[in-house]
Amino acid sequence: MRSSRFLVLMVSLALVTLVASEGVKGNTEKPGVCPADNVRCIKSDPPQCHTDQDCQGIRKCCYLHCGFKCVIPVKELEEGGSKDEDVSRPCPESGWEVKPPGFFSTRCPQK
């Protein structure tokens with residue numbers, strides 16, 4: 001009798017643990033890409049968020065300017081693009097201007 005109660009208790013605890021861990025895993029990533037961050041930091045700021053679910057609306061939890069913050073994401077990557085390129089910048093119009101890193105990419109036509 002005691003062993004059956006113990007078994008029921010253990011099974012119940014296992015089920016509660018599984019259900020609780022599924023709630024934690026349920027954090028989904030919001031659409032969009034974090035903006036490029038080219039800032040070098042001497043010291044990191046305390047995080048304002050840990051996951052996208054900590055942010056309101058469409059904002060994502062991104063590492064930007066020395067700490068994790070809730071920011072508005074840039075557009076989704078276009079097909080063939082690289083995660084490292086900043087898709088929020090427009091493609092250059094002519095070949096004369098100085099282009100920061102990320103401008104020569106698969107999404108901008110070569111001139």
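Glycine is treated like the rest: Cβ placed from N, Cα and C.
The Cβ of Cys62 (disulfide bond) lies under 8 Å from the Cβ of Cys34, Pro35, Asp37, Phe68, Lys69, Cys70, Val71, Pro73, each of these being in the same chain and 6 or more residues away along the sequence. Annotated disulfide bond per Swiss-Prot: Cys34-Cys62 (among others), in sequence order.
The disulfide bond feature in Swiss-Prot is assigned to Cys41-Cys66 (among others); the stated evidence is sequence analysis. In the three-state DSSP assignment, the secondary structure recorded for Cys41 (disulfide bond) is coil.
Feature annotation from Swiss-Prot assigns disulfide bond to Cys49-Cys61 (among others). The Cβ of Cys49 (disulfide bond) has Cys55, Cys61, Phe68, Lys69, Cys70 as same-chain neighbours under 8 Å, each 6 or more residues away in sequence. According to its DSSP assignment, Cys49 (disulfide bond) is coil.
Per Swiss-Prot, the feature disulfide bond maps to Cys55-Cys70 (among others); the stated evidence is sequence analysis.
The predicted model assigns the domain 'WAP' (27-74) a mean pLDDT of 91. Feature annotation from Swiss-Prot assigns domain 'WAP' to 27-74; the stated evidence is sequence analysis.
Per Swiss-Prot, the feature signal peptide maps to 1-23.
Of all the disulfide-bonded residues listed here (Cys41, Cys70), it is Cys41 whose C-beta has the fewest other C-beta atoms within 10 angstroms.
Long-range Cβ proximity for Cys66 (disulfide bond), meaning a same-chain Cβ under 8 A and a gap of 6 or more residues, is found for Val39, Cys41, Lys43, Ser44, Asp45.
Here the disulfide-bonded residues are Cys34, Cys55, Cys61; the one with the fewest Cβ atoms within 10 Å of its Cβ is Cys34.
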